[in-house]
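Student: Have a look at this one before I ask anything.
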Amino acid sequence: MRLFKTKIINRPLKLGKKKSSNIHVLYDRIFFWLLLGLIGIGFVIISSGSIPTGMRLANDPCYFIKRVIVYYSVTFLLSVIILKIPIIVWQNYSAIMLLCSCIMLITALILNNSTNGASRWIMWGTLCIQPAELSKLSFICYLANYLERKSKEVCTKFWSICKPIVIMIILAVLLLAQPDFGSIIILFITTLSILFLFGAKLCQLILVFVFNIFLIIPLIVIKPYRIQRILTFWDPWKDPFGNGYQLTQSLIAFGRGKCFGEGLGNSVLKLEYLPEAHTDFIFSILAEELGYFGAILVLFMLFIIVLRAMIIGHRALNINHRFSGILACSISMWFGLQIFINVGTVSGILPTKGLTLPFISYGGSSFLITVMASMQLLRIDFETRLSKNQAFLKCTKI
């Protein structure tokens, strides 16, 4: 953890033992250890839930486990690099990142590597890259940079909020062509929430919301499967072996888990009964094997992750690190919304959406991007605490 240590403390400070030790800690320990804990839980549940699918696809029970280890190794190496990148670099290159994301989305459509009727992936050897995940992070970086530069205009002029909305709509069109309706919802709600949080007028955002709803409704109507998803959501038991199959199997998994679960590795629904058991519906398998108490514990850990991310943003804003603060708050919104949609989907609260559960679901691109965003949060917290410590040392010298 040498990255989070600082050499500016070169003389003892008479602040008491507790404060003296805390001044050396330049990262959020709660966030860091919760992140590791969730990744560990995710690895265990993926290892359990992916065995039947691995046998069916590759005749290898460890097929997905091996791939996860590769993804985790790549993610670890990139995390070390990202922790060393100053946040100002992300701000300066946010527009280029967004442009690259758009190019990758277009490339995915051209290559048309279709899986389950969706063209969302760029194949690179045996690895699959999903540009939609990168587009979330790059757009959030761009939005934070825009709000940092145009903070006064956003509060006073309606047209100032139109530019990020237009760019969001362009991304939404590219995502819809894949199609990836879940990512569109994430971008749409996160954008409106952050604009409101940082000064945009509520009446203007309501106008934008209504306008976009009128755009979205025809897109739902022209695709029969989307209408069917909504109808199935109201009562999946009307068609338990057809359109409601995935949701009913998910609910059965929750019911089997009861309070304390069936035990690790003892899930029955993962045996080809529940589709996407190790990806979008991994929380159902977790609830079946660990029970309601295990599921609630994981939800609590995820909630604290989202809360700590918002606290990191608040600290950065307090010392006028506006880009860092807006970025951290945006990432917190993104994580919280995606967690809510995934858990709501598998528990029957929301219509089904193809969104993974952050840090836990199998998915190389989604896991890599969420961990990258988490490393950005740790870097923001590091720079914030470092600035506070430097200011404190200047005060002690006066």
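Cβ from N, Cα, C; glycine included.
According to Swiss-Prot, the protein carries these features:
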- 1-29: topological domain 'Cytoplasmic' (TOPO_DOM)
- 51-67: topological domain 'Periplasmic' (TOPO_DOM)
- 113-120: topological domain 'Periplasmic' (TOPO_DOM)
- 142-154: topological domain 'Cytoplasmic' (TOPO_DOM)
- 223-292: topological domain 'Periplasmic' (TOPO_DOM)
- 314-325: topological domain 'Cytoplasmic' (TOPO_DOM)
- 347-354: topological domain 'Periplasmic' (TOPO_DOM)
- 376-398: topological domain 'Cytoplasmic' (TOPO_DOM)
- 30-50: transmembrane segment (TRANSMEM)
- 68-88: transmembrane segment (TRANSMEM)
- 92-112: transmembrane segment (TRANSMEM)
- 121-141: transmembrane segment (TRANSMEM)
- 155-177: transmembrane segment (TRANSMEM)
- 181-200: transmembrane segment (TRANSMEM)
- 202-222: transmembrane segment (TRANSMEM)
- 293-313: transmembrane segment (TRANSMEM)
- 326-346: transmembrane segment (TRANSMEM)
- 355-375: transmembrane segment (TRANSMEM)
Student: When you scan the chain for residues with a C-beta under 8 Å from the transmembrane segment (202-222), skipping those not six or more beyond its ends, what do you find?
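Tutor: Hits for the transmembrane segment (202-222): 158, 161, 165, 169, 176, 188, 192, 195-196, 230.
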Student: Taking contact to mean 3 or more CB pairs closer than 8 A (sequence separation of 6 or more), are the transmembrane segment (181-200) and the transmembrane segment (121-141) in contact?
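Tutor: As far as Cβ distances go (cut-off 8 Å, pairs 6 or more apart), the transmembrane segment (181-200) and the transmembrane segment (121-141) touch.
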Student: What mean pLDDT does the predicted model reach across the topological domain 'Periplasmic' (347-354)?
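Tutor: So the average pLDDT across the topological domain 'Periplasmic' (347-354) works out to 83.
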Student: Tally the residues of the topological domain 'Cytoplasmic' (314-325) by DSSP class, grouping H, G and I as helix, E and B as strand, and everything else as coil.
Tutor: 9 helix, 0 strand, 3 coil
Student: Would the transmembrane segment (326-346) count as touching the transmembrane segment (293-313), i.e. at least 3 C-beta pairs under 8 angstroms with sequence separation of 6+?
Tutor: yes
Student: So which residues does the transmembrane segment (92-112) touch in its own chain, when a touch means Cβ under 8 Å and the partner is 6 or more beyond its ends?
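Tutor: The answer is 119-123, 129-132, 134-135, 137-139, 141-142, 144-145, 167, 170-171, 174-175, 177-178.
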